[in-house]
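Participant: Please find one structure pasted underneath; my questions will follow.
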Amino acid sequence: MHSLSFLANPYVPSHVVYAWFIMALLILCGLLLRRGMEILPGSFQSFMEVVIGGFDSLVTDTMGHEGKKFFPLIATIGLFILVSNLLGLVPGFESPTANLNTNAAMAVVVFILTHYVGIKVHGGKYIKQFMGPVWWLVPLMIPIELISHLVRPLSLSIRLFGNIEGGHIVVAVLFLLAPFLVPVPILFLKVFISLIQTLVFMLLSMMYIAGAMEEAH
């Protein structure tokens, strides 16, 4: 799918331009919502209250009350991924999350925050999480744990990229094969996949951060 001409830039990759576009859109929505807050909410305010309330409940249920401090980051990532995924369904637009670099940027932020939180909460004892339950397994467990942690950002990035980019390819092929019969149910499926992939990225991010705060056994 080709980028819209007004968003095309020969010096900046298209996924970066669309990421900026979505960030500007979310900031604008936030400012409009803040200025237009009412006791009796309108449709837009009600919709956003449901979305943000759902994110808040998800963070609390997954991470407990300690997770409240991470709500701004998790909610921001969730909104960005959701809007990015859905943007690709609009003719002429691209999903930034269909590019591996966009997803890797978010995954690296989660990776760095995870270990920063672990060190901040546990100090030097944080390394115990990499050593396993008994001392004689340390030579085996440390490489395994290091690899498992280093793979996390790669897993987050590739999972989201594969599902979103793969979905776009399937939709494009089906549009060519049966442009009048298949698109509508496939688009509903794409919306569902977009929601699921947003939740998966959020849940895994929260689980990684919550795991870093737990005591090593």
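The backbone N, Cα and C atoms fix where each Cβ goes, glycine too.
Here's the feature list from Swiss-Prot:
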TRANSMEM  12-32  transmembrane segment
TRANSMEM  70-90  transmembrane segment
TRANSMEM  104-124  transmembrane segment
TRANSMEM  130-150  transmembrane segment
TRANSMEM  169-189  transmembrane segment
TRANSMEM  191-211  transmembrane segment
Participant: Against the transmembrane segment (104-124), which of these stretches has the most C-beta pairs under 8 Å: 12-32, 70-90, 130-150, 191-211?
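Facilitator: When the Cβ pairs under 8 Å are tallied, 191-211 comes out ahead.
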Participant: Same-chain Cβ contacts of the transmembrane segment (191-211) under 8 Å, 6 or more residues past its ends?
Facilitator: 55, 58-59, 62-64, 66-67, 70, 74, 77-78, 81-82, 85-86, 89, 97, 106, 110-111, 113-114, 117, 152, 155-156, 159-160, 163-164, 167
